[in-house]
Amino acid sequence: MASHIVGYPRMGPKRELKFALESFWDKKSSAEDLQKVAADLRSSIWKQMADAGIKYIPSNTFSYYDQVLDTATMLGAVPPRYNFAGGEIGFDTYFSMARGNASVPAMEMTKWFDTNYHYIVPELGPEVNFSYASHKAVNEYKEAKELGVDTVPVLVGPVTFLLLSKPAKGVEKTFPLLSLLDKILPVYKEVIGELKAAGASWIQFDEPTLVLDLESHQLEAFTKAYSELESTLSGLNVIVETYFADIPAETYKILTALKGVTGFGFDLVRGAKTLDLIKGGFPSGKYLFAGVVDGRNIWANDLAASLSTLQSLEGIVGKDKLVVSTSCSLLHTAVDLVNEPKLDKEIKSWLAFAAQKVVEVNALAKALAGEKDEAFFSENAAAQASRKSSPRVTNQAVQKAAAALRGSDHRRATTVSARLDAQQKKLNLPVLPTTTIGSFPQTLELRRVRREYKAKKISEDDYVKAIKEEISKVVKLQEELDIDVLVHGEPERNDMVEYFGEQLSGFAFTANGWVQSYGSRCVKPPIIYGDVSRPNPMTVFWSQTAQSMTKRPMKGMLTGPVTILNWSFVRNDQPRFETCYQIALAIKDEVEDLEKAGINVIQIDEAALREGLPLRKAEHAFYLDWAVHSFRITNLPLQDTTQIHTHMCYSNFNDIIHSIIDMDADVMTIENSRSSEKLLSVFREGVKYGAGIGPGVYDIHSPRIPSTEEIADRINKMLAVLDTNILWVNPDCGLKTRKYAEVKPALENMVSAAKLIRTQLASAK
């Protein structure tokens, strides 16, 4: 009985790759230094899987930035602005595409399906000359082979690559990307040929777009692609891997009939309906890679339940064709529990990170083969039972309060236009008010202070003094820049979710539970293991302190319930919406306390609202209903003069704009600059929006400093579709990851651009 891993985290157990990348970008280390760290990480991952007994070990799931970018470089799909002259793509071109450079902007980055990982969006069109320009997949296969590990090279499948791309600038928006299939398949054939020549016997194509609602012509592209590749794939075993959701019934038929394919991988954690499809019929003689171990969460698998599922499949697939696998790449979970010595022992017994999931996969495969490790299974059963019965999981008062929310509407009593009038009388803001999204750069000194306070190396008084000094600097800087609505910069916060989770009951935290978000950026999601409540105020002291330093409005800064939910590892023993309602009630208590403390502008970030949207349209309405309801719960009951802002990230909002309007926030700021004003098209199409809105005027994910003219041009584009009296001027996102040398001139240019347009508007009257 065989075992398989879809993919594995790249960053390393202690984020070794992150630090190596950032050192290289800062010119503190060489390309060779970076390559050495990467090679050591790959080697240790392959060895770890081989030692654990995994039969089908993946290669080419490592990346210096992103696997879709790797595929674009493999195909030589480099936008002209990066001046790629042909040959093998090196770090300069690769990282310019990912991050931009002094003279050209980065490519767009967007969410990878409904996860918190981001991929670089390929820019394609009829003029792209595809060529085999990165031999990474073959090189990594050979590298593993030299170490004595025979791996399964993994490629993003050709159809998924095209479906995740976008038409390049200057190409018609309606350009049929799938028409490029004939142009990219010759490159795939070259790669496959080289892998075969190097000795590969298996190859994995990741085609996760198969779980989406696809149109018939899109489905036909899969049939066409694999028919075209069939002769090249001859002599290889081929896995087509899917993940993140159920496979639609029609898609299942097409997928399981693909030519040249030996095995199919399915997510059986999020795909219970797929299980029914398999039981209804599976192609004879094909392998089933059964994704029963959850790759997206940190809970130990219920091994008895997984084994039962696998046993039910044995009769359908055949014992020798059933392979135990993860539900998706382990990229989306933390790396190794061994690095968590301080985690509460009981909670720790309920968990499994990537390294432990590899062991679970192998234990299930051995159990199926009649070599069940009884002690391992008993220990797992005891942990499952302890989690079900632990008193720390349940709080009856919280359960009751959350249950009472169902079915009610919870909406502020007056309309948004009436509230905006009342707020303007109180705040007296200029036309095109300027603000920032919340965080300011976190210097090494600031991080040191927080670290030492956490380690009890400095006193609380010293810590408070240091944070107050930092807030004072940030307030002073914003006043000097003449920003209208200020923020305190969040110097006390390590992370916008962890900071709140640390002060809420029902949350646990890891020391090294890092997960890659994009590039070198990692997040450390909290673990929601029990019912959530707020024992004490969380932000009031710092917001009040900051407001006392200025006469200008100071925003209270909170993270919204849906974002806390979507950016945490969430308990899987109750529906997600129940946990979300509990968090909403905790945030509501905080909002009320901020208002009482004299904070007139409160931002409740819902950066991840869109990200939680189920992949299939049939499930959208239910999710949006409870997600939007949860947000509205947080700001009831407030005075009309209290202005509620919300902020959203990386999102294509056009399909959910009516739900966003239904959130009933007074002002919404949205990341917009990297998506070439995609958001504005919604308003061009006549959607009426009466609340304040601030589409980001510059990209904070790039070190590039935009000019006043560039920002003014962006504002003018916005004014072409939005009323002057509702438009706000702000960056895309928080400034935490940037340096002050980048932030000061960028904000200076932003304020200058707003003033320039104000003057033009005044003289045009």
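Our numbering is plain: 1 for the first residue shown, then up by one each step along the chain.
In case you wondered, yes, glycine gets a Cβ from its N, Cα and C as well.
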- Message: Per Swiss-Prot, which of ASP320, ASP605, ASP625 sits in the L-homocysteine site along with ILE437, GLY438, SER439, GLU490?
- Response: ASP605
- Task: May I ask you to find which of TRP46, TRP202, TRP567, TRP626 Swiss-Prot records for the 5-methyltetrahydropteroyltri-L-glutamate site already listed with LYS18, ASN116, ASP495, TYR518, ARG521, CYS522?
- Result: TRP567
- Note on the structure: Judged by other C-beta atoms within 10 Å of its C-beta, the most isolated of the binding-site residues TYR518, TRP567 is TYR518
- Hey, how far is CYS649 (Zn(2+) 1 binding site) from ASN116 (5-methyltetrahydropteroyltri-L-glutamate binding site), Cα to Cα, in Å? 11
- Quick one: Cα separation, ILE437 (L-homocysteine binding site) versus CYS733 (Zn(2+) 1 binding site), in Å? 6
- Item | Candidate recorded positions GLU490, ASP662, GLU671, HIS701, pick with smallest Cα gap to TYR518 (5-methyltetrahydropteroyltri-L-glutamate binding site) | HIS701
- Simplified DSSP label at TYR518 (5-methyltetrahydropteroyltri-L-glutamate binding site) comes out strand
- Between the binding-site residues CYS522, CYS733, where is the Cβ count within 10 Å the lowest? CYS522
- Listed in sequence order, residues with CB under 8 A of HIS658 (Zn(2+) 2 binding site) and six or more positions away: VAL687
- Item | Cα-to-Cα gap, HIS647 (Zn(2+) 1 binding site) vs ASP605 (L-homocysteine binding site), nearest whole Å | 5
